[in-house]
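One structure is given below, encoded as structure tokens.
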Amino acid sequence: MGSAAATGLVRETTSTDPYRYQYGFGNHHATEAIPGALPHNGTNLPAKVRFGLYPEHLNGTSFISSRETVSNVWMFRERPGAPHGPLRPVQTQHQIHASFLPMNPNVDFTPLPHTWGPLAPPVSPGKTTFIQGLKTIGGNGDATLKEGLAVHQYAFDADMHRQAFVNHDGDLLLIPQHGELDIKTEMGCLRVPPGVISVMPAGIRFSVSIVPSQTDLAPPHAAGYALEVYGTRFKLPELGVLGGNGLAHVRDFEYPVAAFDLDPTPPPGVAPWEITIKLAGRLFSYTQPNTPFDVVAWHGCHAPYRYDLSRFHHLSANRDQLDPTAYCVLTAPSKYPTVSAVDFCIFGEKWAVNQDTMRIPYFHRTMAAELCGVIHGEYKGSVRPLEPGGLSFEASYMPHGESYESYALDQEQSLSPRAVGKVGTGFLSFMIHVPSHFGLTKWATQDHPDIRPERPGLWDSFRGHMLDHLDDVNACLSRAGMITLQPHEPPTPPDSPSGGAGAVQLVEVDRLAGGGGAVGHTEGLNHI
């Protein structure tokens, strides 16, 4: 005896999520809200579509694209998207940008680090939607060039009632920090609470609402982050020597099943639907009498999806530390082979097994700009006053790391074995790793409501320790036949605060190793 599955694996509804999902990153999904709505005769354009539906094609890539990059979807809907009212620019002032070229006066390229606090709920309760609450921190490139990216914060407290948003600039990765999002899209619906991310591909209309909290008595509001890419698509990072498993699994990415609203022509007095378009950072809108969420069936791979970050497989190292990109969930390729445009990495609960290794972030400089945010938990870094909902920025090539006090404490703890255990319990943060320069908007550097200034004197306590080991240093130099270091007191005024303490002089010795008896010249050379 045996049995066979009646259908493919679908995640069913739960007490906290009323929607169903299908699995598989980048899959060509096929889903019907009414059985038989998809054509099954080998064409997407039958002479007469069943149930009187209209076929509509959405292409996320050019017609001539390789199979591994092509992204499109066929929708079968009650009404096509073409019938709508005239387009008009949105006159309301906003802080959304999509051009980060150096000649843009609204963008500043600076090597200075920045830290921002979380965005507070809107001042006027119940009036700010997701579109109005989106604020651009910065980015690079330009949406019209189909190259670059943008990073945003958002805070809003009003549902998009009879409203939809469509981004013509690029794919949008949403990172909720506070408030659970209910996102209705043309492909179906998704619930996205903090700790879950979602990607809205370019060209897909969607509407965002806030799920009322069962425990929070305050008026509902939502806050978080968004990462937008131009001219490229998010993909899973290559696994290389890891083989077939590790990081984010393909099957843990969830896509909506087809769902549609029946929306006859509204009676007099009911407002039409308003569709807002973002193009080159500008907003436009049009109206239509019927809902845009009337897709009865669809098939393709150009569709929104979500991913629960708690399912990520963190890697561990016995020695040294892994690079941050070892915790990469999604990456977006650039036009340069093997170089990404951006990497989205997370840091959460994991096992710490590295021995004889510094545990705190090491001092480093990198060609990439780094933006870090906290989703939940206590941030234990010693340099940035960062909290959930906040964001920090380090420019490319600028040196950074932890404070001297943290470094010294970590050195002391390294002298004794530390028990292997979990770190980051109850903590989840992310890093947006940008292998390029990153420009900040004037809003971010001047008008953000919570700009955290740098701490004066933070680095004043740093000191060098090599002179504390001068005997050992000289012993090593002597054994190698090299110049030894000798302390000396240079002439300084008696009232000088430094007193010249700590200076050393290089003393001439015969170079015995590899120098053939050569003498090193040291006149006037001091090491401080």
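For all residues, glycine too, the Cβ spot is worked out from N, Cα and C.
In TrEMBL, annotation is done automatically, which means it is predicted and not curated.
Record features (TrEMBL):
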DOMAIN    20-309  domain 'Homogentisate 1,2-dioxygenase N-terminal'
DOMAIN    318-463  domain 'Homogentisate 1,2-dioxygenase C-terminal'
BINDING   H364, E370, H400  Fe cation binding site
BINDING   Y379, H400  homogentisate binding site
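Listed in sequence order, P324, S392, F393, E394, M431, I432, H433, V434 are the same-chain residues six or more apart from E370 (Fe cation binding site) with CB atoms under 8 A from its CB. Rounded to a whole number, the C-alpha distance linking Y379 (homogentisate binding site) with H400 (Fe cation binding site) is 17 angstrom. Its Cβ taken as reference, H400 (Fe cation binding site) is surrounded by 16 other Cβ atoms within 10 Å in the chains shown. Sequence-distant neighbours of H364 (Fe cation binding site) (same chain, 6+ residues apart, CB-CB distance under 8 A): P399, H400, G401.
Residues H364, E370, H400 make up the record's Fe cation site, and a Cβ search at 8 Å around their centroid adds P361, R365, T366, E394, M398, P399, G401 from the same chain. Y379 (homogentisate binding site): 17 other CB atoms within 10 A of its CB, across all protein chains.
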